[in-house]
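Participant: Sharing a structure here in structure tokens format.
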Amino acid sequence: MADEAKAKGNAAFSSGDFNTAVKHFTEAINLSPTNHVLYSNRSAAYASLHQYDAALSDAKKTVDLKPDWSKGYSRLGAAHLGLHQYEDAVSAYKKGIEIDPNNEALKSGLADAQSAATASASRARAAPPPNLFGDAFQGPEMWAKLTADPTTRVFLQQPDFVKAMQEIQRNPSKLNEHLQDQRVMQALGVLLNVKFKAGGGDDMEVPEADLPPAPSQPAKQESKKPDPVPEPEPEPMEITEEKEKKEKKEKALKEKETGNAAYKKKDFETAIQHYTKAMEIDDEDISYITNRAAVYLEMGKYEDCIKDCEKAVERGRELRADYKMIAKALTRKGTALVKMAKCSRDYEPAIETFQKALTEHRNPDTLKKLNDAEKAKKELEQQEYFDPKIADEEREKGNESFKQQKYPEAVKHYTESLRRNPKDPKAYSNRAACYTKLGALPEGLKDAEKCIELDPTFSKGYTRKGAVQFFMKEYDKALETYQEGLKHDPNNQELLDGVRRCVEQINRASRGDFSPEELKERQAKAMQDPEIQNILSDPVMRQVLVDFQENPKAAQEHTKNPMVMNKIQKLVTAGIVQLR
């Protein structure tokens, strides 16, 4: 709503309808009372209406809201100049130039104010008759009057006329050089509210002090609205926020590029200076803040990095910035928090920050950082929880429960033992035995394999794994496990008994000594085994099986191939093939 009213005000100002412009700018201010640009625009409109007291009030408000905005001091200087407060005008323009040394509008305004101040001081010393021509050409009101008059507005489109009027404004004594120009005479009449007859002779000269007092004109002529015709604006009183924004962005981007170059050279202090300057010039781009945060991160100033990231997120939400930029700031904050983490609990805010970043934008880099943080937290928790003494106590409690056939309770104690000491193969072996008793064969198999991984020479791990596989009726795999255990402990009776039981079951399968229900169950289970599926899908093995049925001579040749016979044996053990 405020932007809509502001746009209407800008359009009215550009067409010379300053009263309407004031109305719309006032509406916008009521909707957005802290917007400094709106007060600046209304100040310009008041100045164009010669209401300099109101223009001064709005200019002061502009400066109060945005002290580092050079345009505010331009408005302040123009208002003081319109009120003939020359010293105050000079002071305002100088302050603006301190902020923006290259601003031509401020330089021009300062020159006008200084010229007017000098002229005022000279008149005060000499006390000559009032210089009506000089006053007519002073200040920005001259251009406002020429713009408001339909006749002289056309002249403002002609560069030579504008140049002549600027020359006279700087030095009123130059008027005599331009009296032959009827446009200048017409403009003089508009400025003094008098009418000159057209067609003055070549010898016509008007002395500066001999002009009669300007007759009063009806108020209607003063407030007459100009036709809505586009006109040039030689005095920089127009609203040009877009142009200023573009210039600011260009300056800020140059600072950013210089900062990037310094960052690549590891000149972090210089990079920070340039990123900070870019932030001061343009506060509507959070990339300058996130870049500075990256420098702080490299320097190890993690708290400063976090502050900048939080500032970037807050400002980004105000500006409705790209969600990817918000995610980048959050990811950078999470990285800084990870760098500062000293215990497992310190990782919690970092993990939360990474999760927030992923809700903004699911970036692979952020996801990896989250996974790494969660992994590091878990490892630290294990380290912090590690206590071999308590682990042994819990394992003994589990053994007691196992003897009493309290298997769920035993699992609980073994699990706590492993949390206290995750490198204990005995605890894994014992828990595998509990899972086997409870019928949780996949969990038992997993624990037995972990036990073997931690200590490949620990025979109990092989007996646990072989027992689970035997109960799963994977006799060939169980046989391999028992045989592997015997390599480390050749005289282990449990392993030897396991081999014997597996051989009995495999021989039984070879004879086909199964009931139809058992055979059907074994075949269905075998068909889910990826190894069996690969054997059956192999064209060579399929031909071998055909030869065993139809071509005994070819089958004899196949029996000489160890690889083929090994696969045949697997099919026999699984109940898929029977040898008669």
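Just so it is clear, glycine is given a Cβ too, placed from its N, Cα and C backbone atoms.
Here the structure is a predicted model, which means the values were calculated and not measured.
From TrEMBL, for reference:
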COMPBIAS  230-239  compositional bias 'Acidic residues'
COMPBIAS  240-257  compositional bias 'Basic and acidic residues'
COMPBIAS  389-400  compositional bias 'Basic and acidic residues'
DOMAIN    139-178  domain 'STI1'
DOMAIN    529-568  domain 'STI1'
REGION    201-257  region 'Disordered'
REGION    389-410  region 'Disordered'
REPEAT    2-35  repeat 'TPR'
REPEAT    70-103  repeat 'TPR'
REPEAT    252-285  repeat 'TPR'
REPEAT    391-424  repeat 'TPR'
REPEAT    425-458  repeat 'TPR'
REPEAT    459-492  repeat 'TPR'
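Neighbours and distances for these, please.
Facilitator: Helix, strand and coil counts under DSSP for the compositional bias 'Basic and acidic residues' (240-257) come to 17 helix, 0 strand, 1 coil.
Long-range contacts of the compositional bias 'Basic and acidic residues' (389-400) within its own chain (CB-CB distance under 8 A, at least 6 residues past either end) are made by residues 410-414, 416-418, 420-421, 424, 426-427, 430-431, 434.
For the domain 'STI1' (529-568), the model's pLDDT averages out at 82.
The region 'Disordered' (389-410): residue composition by secondary structure is 19 helix, 0 strand, 3 coil, according to DSSP.
DSSP assignment over the repeat 'TPR' (2-35) gives 27 helix, 0 strand, 7 coil.
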Participant: The repeat 'TPR' (425-458): which same-chain residues, six or more beyond its ends, come within Cβ distance under 8 Å?
Facilitator: 391, 395, 398-399, 402, 405, 407-408, 410-411, 414-415, 417-418, 464-465, 467-469, 471-472, 488-489
